[in-house]
Amino acid sequence: MTSRLRALGGRINNIRTSELPKEKTRSEVICSIHFLDGVVQTFKVTKQDTGQVLLDMVHNHLGVTEKEYFGLQHDDDSVDSPRWLEASKAIRKQLKGGFPCTLHFRVRFFIPDPNTLQQEQTRHLYFLQLKMDICEGRLTCPLNSAVVLASYAVQSHFGDYNSSIHHPGYLSDSHFIPDQNEDFLTKVESLHEQHSGLKQSEAESCYINIARTLDFYGVELHSGRDLHNLDLMIGIASAGVAVYRKYICTSFYPWVNILKISFKRKKFFIHQRQKQAESREHIVAFNMLNYRSCKNLWKSCVEHHTFFQAKKLLPQEKNVLSQYWTMGSRNTKKSVNNQYCKKVIGGMVWNPAMRRSLSVEHLETKSLPSRSPPITPNWRSPRLRHEIRKPRHSSADNLANEMTYITETEDVFYTYKGSLAPQDSDSEVSQNRSPHQESLSENNPAQSYLTQKSSSSVSPSSNAPGSCSPDGVDQQLLDDFHRVTKGGSTEDASQYYCDKNDNGDSYLVLIRITPDEDGKFGFNLKGGVDQKMPLVVSRINPESPADTCIPKLNEGDQIVLINGRDISEHTHDQVVMFIKASRESHSRELALVIRRRAVRSFADFKSEDELNQLFPEAIFPMCPEGGDTLEGSMAQLKKGLESGTVLIQFEQLYRKKPGLAITFAKLPQNLDKNRYKDVLPYDTTRVLLQGNEDYINASYVNMEIPAANLVNKYIATQGPLPHTCAQFWQVVWDQKLSLIVMLTTLTERGRTKCHQYWPDPPDVMNHGGFHIQCQSEDCTIAYVSREMLVTNTQTGEEHTVTHLQYVAWPDHGVPDDSSDFLEFVNYVRSLRVDSEPVLVHCSAGIGRTGVLVTMETAMCLTERNLPIYPLDIVRKMRDQRAMMVQTSSQYKFVCEAILRVYEEGLVQMLDPS
């Protein structure tokens, strides 16, 4: 506006009436998005919206579900320094070139094996992106490969070759590579004829699989110069950072060898890990075009490293998952004559063979409609390949490959009759399939890749009169359980059908729950394949349907089936979706098959040692096996990690300390100040603000190091909300804190985890009575260090604060490697000031916050040669703030990190004098 409202001496300046409507709508802007198929679509957003709002609009427009692979690239960027729309930043701060603006929808992350993409839509977008990059010369391609690629692109677009339609020269208007000629198009037309019968999706998959072998596949290039001012290109890919001179790779730095990545002004640094023979750190430096391009390169390196480390799941980890989740007993020495059933849903086999001799009486396949959205099969599945289906061999050591032919809509039931003997013997497998039968024989009885645990017996029970099987759970399965019960049973099989172990440590229970009027079942889950942990019930709301159904759902129950669907290969969010989808069925009933640990009386335990395995030692009076020494405690921890008992102990520890009141957090005026309604501070340890409104969701957490006269003080708090930033900075001011530790990014997986409560340098920001200025920002691959100047606007006093933000934690689960995290914790320790508290927060202020407090406490104990009992540390934290260290995966991660610090000597012992 050219004029403003001003009150001068009671008079108001005149305003042009044409300006008034602009005042109301000036924040709404138009963004033009160029899609990969050439379509341009406009979207309306406000300048105050974050980039995530626009990203969500684009994803919803395309119907994309695997959103993490894509992004929006700025149109005005040079190819020398690509820049992407940031999800957590406001649009007005990113698109400063005026409106309407133009952005390009592109693939951001190219995974090494696109065959693992789950959705056909994602593969199609990969295809379009690769085709465009080759066509425009961004992805260089040898001529012979370009001909083959173009032929698959033609098959995808035109379908099968038809001589009556496709006359010579029918590709004259098509464009595949720069500087193509008629000879090139003639070769493409000739090769097109050979692809007859390929579907569009299959042709595109063939295209992708050839394109991924190209030298620059998935490489994001940034222009730079070496220290002699010679031009080069820095490429970022899934495996690390490469340096190119005249498009020839001269150096490559794998992520595993990179200690950290940093920049200062327009200099970019790669810090490599020291080799055994080296005495000092090796640093590689480059000159970028300017500060902005240097920061773009650093940011892209961090995002690529974080993305591909989170995606990486080692084969041995997958084996651990299958071992952890496979149903059955660990005891293979006892003889079992009972029949028992295992169910295969969606093509995944549960215990298809026994470690010992096991004969399979019959297998029957029954097609059932899927009540949940099916998962698109991988390209590797033989049923998607073109003319490469191999004959199925009769050997049962190929049983895993046979199972890939099962479609997602088939429910397969295996009925085994086990006869376990001490010695191994051959077993025969007969498979009844329609329309033909095949005989399978097993020569390798171990079948370790098919089964990890052996089932022993089943104690099922019959259906009660009038009861019915849940949706997706076949009645024949329940009947089979009924028939094999020893001596029959009067229990209701629709309620209790069990896969009991010989030692009775767990069994399966079928639970039916009908939602309440609001459509809620009343329980929370944690875990999932993305979190590398089984799905476990973490909380039951009192008087909810889950609490009042018979049999009732219990905390700690492991979810096995949801309405007959195997969920062992699904992520946490997918499982939540399946549960919500059950409300849309005719019965609205949720049928859960859960694994529950059996409760044994004390008389059932043969020894005190066996009793101690059930109840954690740290919960009873401490009596460590290795004595009260650091070495003994580490031996005990290592043994517990190998056996899995540390996780059992952790799950049995109370989440909230009994008897501690939580009242102030639940007052009406304070409810909207809590990010999560169930993560609240105790009254006795909450942080009180100065003034009338004294509430903030924050707790004092003091960790005493015994025999060292040392107390590490923390303030654990949630990530600030937009309307609680003033209270957050008031805590910093009241406590005169000099260090803030942030353990999350602003958004993760499209969800806001924390409001940005600090300004970008050199901007300033006002919160309440405080003026915050970010004076500097130093970035590495794992964390960002900022220096803040906080000024009290009433008194003019100033206070300097260091802000550390850890950015290497993956969006879900825990890091695969603890190196970056341990380096970060050491840096935090180096900045700690005497007895001053350190303010630590993540999103809720309990999970990653608890991991950091546990790790620093363990390091302090290690350097003083004192024993470390992680469960004791967690209990002490939970006595001061509920639910510290939120998940089993976090607890396992920090336990493994503690053991690594001890075994590798990453913390030096202090001189006892």
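Placement of Cβ uses the backbone N, Cα and C atoms for every residue, glycine included.
Quick look at what Swiss-Prot lists:
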ACT_SITE  Cys842  active site, phosphocysteine intermediate
BINDING   Asp811, Cys842, Ser843, Ala844, Gly845, Ile846, Gly847, Arg848, Gln886  substrate binding site
COMPBIAS  382-393  compositional bias 'Basic residues'
DOMAIN    29-312  domain 'FERM'
DOMAIN    510-582  domain 'PDZ'
DOMAIN    646-901  domain 'Tyrosine-protein phosphatase'
MOD_RES   Ser357  phosphoserine
MOD_RES   Ser359  phosphoserine
MOD_RES   Ser367  phosphoserine
MOD_RES   Thr376  phosphothreonine
MOD_RES   Ser381  phosphoserine
MOD_RES   Ser425  phosphoserine
REGION    363-400  region 'Disordered'
REGION    420-475  region 'Disordered'
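Positions of Swiss-Prot features highlighted on the structure.
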| residue | record | Cβ contacts under 8 Å, 6 or more apart |
| --- | --- | --- |
| Cys842 | active site, phosphocysteine intermediate | Gly719, Met742, Leu743, Thr744, Lys753, Cys754, Arg848, Thr849 |
| Ser843 | substrate binding site | Arg675, Gln718, Gly719, Thr744, Lys753, Cys754 |
| Gly845 | substrate binding site | Val679, Asn697, Ala698, Ser699, Ala716, Thr717, Gln718, Gly719, Arg881 |
| Gly847 | substrate binding site | Val885, Gln886, Thr887, Gln890 |
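Mean model confidence of the domain 'Tyrosine-protein phosphatase' (646-901) amounts to 92 (pLDDT, 0 to 100 scale). Classification of Gly847 (substrate binding site) by DSSP places it within a helix.
The 10 Å shell around the Cβ of Gln886 (substrate binding site) contains 20 further Cβ atoms across the protein chains shown.
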